[in-house]
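Annotated in TrEMBL:
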type     : residues : note
DOMAIN   : 45-156   : domain 'Ig-like'
DOMAIN   : 160-254  : domain 'Link'
DISULFID : 206-227  : disulfide bond
DOMAIN   : 259-351  : domain 'Link'
DISULFID : 304-325  : disulfide bond
């Protein structure tokens, strides 16, 4: 049983973070294994599991038999049925039906939903290339003619889209420059669908930016003056632009983190070069803008300290608006591209999972060697 939500999230793989609706920490609820032996789900009375997915990723929806004793005949004669549940049950969508070796997927799920079958107790499915239309409640039914097991899973599809302009100012990127700008921030140029999802989630930005198909748009939730005017709210289109000659900002799309984003505690404020070196000394790298947006949007990262990022900008992420810390809205606040010689800010770092594993393994080997030497010295002293 996890002691708090943060520990629950940290223990799971970055791309499939399983949380429980209503779980706010402090224990309670039953823990049970969920598909993979290293993953546990907390199931509270009256709630189901929620899976947080990123637009375009492959997502696993968990479902399994409670024990081998419940279904006495293993997989023989067992039927597994997955359904996407609508508010009106008459509008439910069949997703997958499995009976022994016979499996069938339906409608928009055809050929992109697969039964995992990790073991005899596993009835989980993987949905490939998740879209916003896939979000919603799913029902897993395991039937053997005597016992029916029903589990419900809610899929929340999130997108992390952020506007980006370089240090030289707005409207300075042609399409190729825009593509490189996103890549340097651990992101890619957003698609129209991704921008649309971000707009539905409240993204309002009055500067036009490139999208991956060479079109230029900007999202407006509150039309005003030159920002949407008579056209908004909505996605305001400039159409397809000349990729070489056109100069705009860009909308970038970031995925879930495969590592740890964090504020590096330091005794003093740092110049940009000192910030870069401080992260390296901590076995990490200075964080990129995409890292910050992913941590803020998908992990609820919140810190009211302005810090250097890899592009030379200074920003801070606020997920809990409060006085003096983005009081009106949750947002990644942009302080600006500051003088890199100025000692006025801290730094945000990012440590990749592979680096952390390597560091942990090295530390373990070093400690093991140390204790072996100490033990050998102690043994020699007894002789």
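Indices start at 1 and increase along the chain as displayed.
Placement of Cβ uses the backbone N, Cα and C atoms for every residue, glycine included.
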Tally every other Cβ atom lying within 10 Å of the Cβ atom of residue 227 (disulfide bond).
-> 19
Quick one: give me the count of other CB atoms within 10 A of the CB of residue 325 (disulfide bond).
-> 14
